Amino acid sequence: MQRTVNIQAVESKLKFTFSQPRLLVTALTHPSYRNEFPSDGEDSERLEFLGDAVLGLVVTEHLFLLFPSLNEGLLSTTRSALVNAEACFNYTQKLSLGEHLLIGRGEKMQSHRGKISAYANLFEAILGAVYLDGGLAPARQIIVPLLPNKEAILPLMLVNPKNRLQQFTQQTLKVLPTYIALPWSSEDGTPGYHVQVFVNEKLWGEGFAGSKKEAEKLAAKQALSTHDDNKN
């Protein structure tokens, strides 16, 4: 059975009124819902693509202005922590937008991972819709209040071993670590990555994992464990 969208309720949560409400309906339409009701307009995928870029720009600008002396590497990794799927899921939860998602009956949302993905995509799609309807300013007004304050962002930078290693090598050696990723397979044949981290062309650590990002974290963690006396 097709569901209707309470446009005013969503607009109230966003504190933004659409001049083109159809954009909001599209943003709320998960691809699985459109598969069940193909005559019911577009799904949210294209708006997700646009919203991802809008979110990245606003967060980049916010960090750039908030931390005028922070280098590009730390700005980049901090931005990643504020725009990843987990972060977007949390933004959706803060605004209580998930209840408005139009999703197909057969779509798996029982798992936490499935819910994170669906809600993260929803947030990006809504940002894309807001941007098309009103431009960057209203999108910024939605995003910035959801971001952690400066004091909360500072420790966030050091939670990731890559950030801690970068800070350590910059402070002590005035250089940045370099990561090299190689294909790797686990004992059961699952593909993944073997990442090596070098500092001044010397191998400092290695990591093995299914994703390159996780392998980089493990390599950085090993490098810290053998080179940073203050790691604890």
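Cβ atoms here come from the backbone N, Cα and C positions, even for glycine.
From a predicted model like this one, the values you see are computed outputs, not experimental measurements.
What Swiss-Prot annotates here:
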- 7-135: domain 'RNase III' (DOMAIN)
- GLU48, ASN121, GLU124: Mg(2+) binding site (BINDING)
- ASP52: active site (ACT_SITE)
- GLU124: active site (ACT_SITE)
- 160-229: domain 'DRBM' (DOMAIN)
Nonlocal residues around ASN121 (Mg(2+) binding site), in sequence order (Cβ under 8 Å, 6 or more apart): HIS30, SER44, GLU48, CYS88
Check: same-chain CB within 8 A of Mg(2+) site center, minus GLU48, ASN121, GLU124: SER44, GLU45, LEU47, PHE49, GLY51, ASP52, CYS88, ALA120, LEU122, PHE123, ALA125, GLY128
ASP52 (active site) to GLU124 (Mg(2+) binding site) - Cα separation in whole Å: 5
Residue counts (helix, strand, coil, in that order) that DSSP gives for the domain 'DRBM' (160-229): 29 helix, 25 strand, 16 coil
Winner by Cβ contact number (other Cβ atoms within 10 Å) across the recorded positions ASP52, GLU124: GLU124
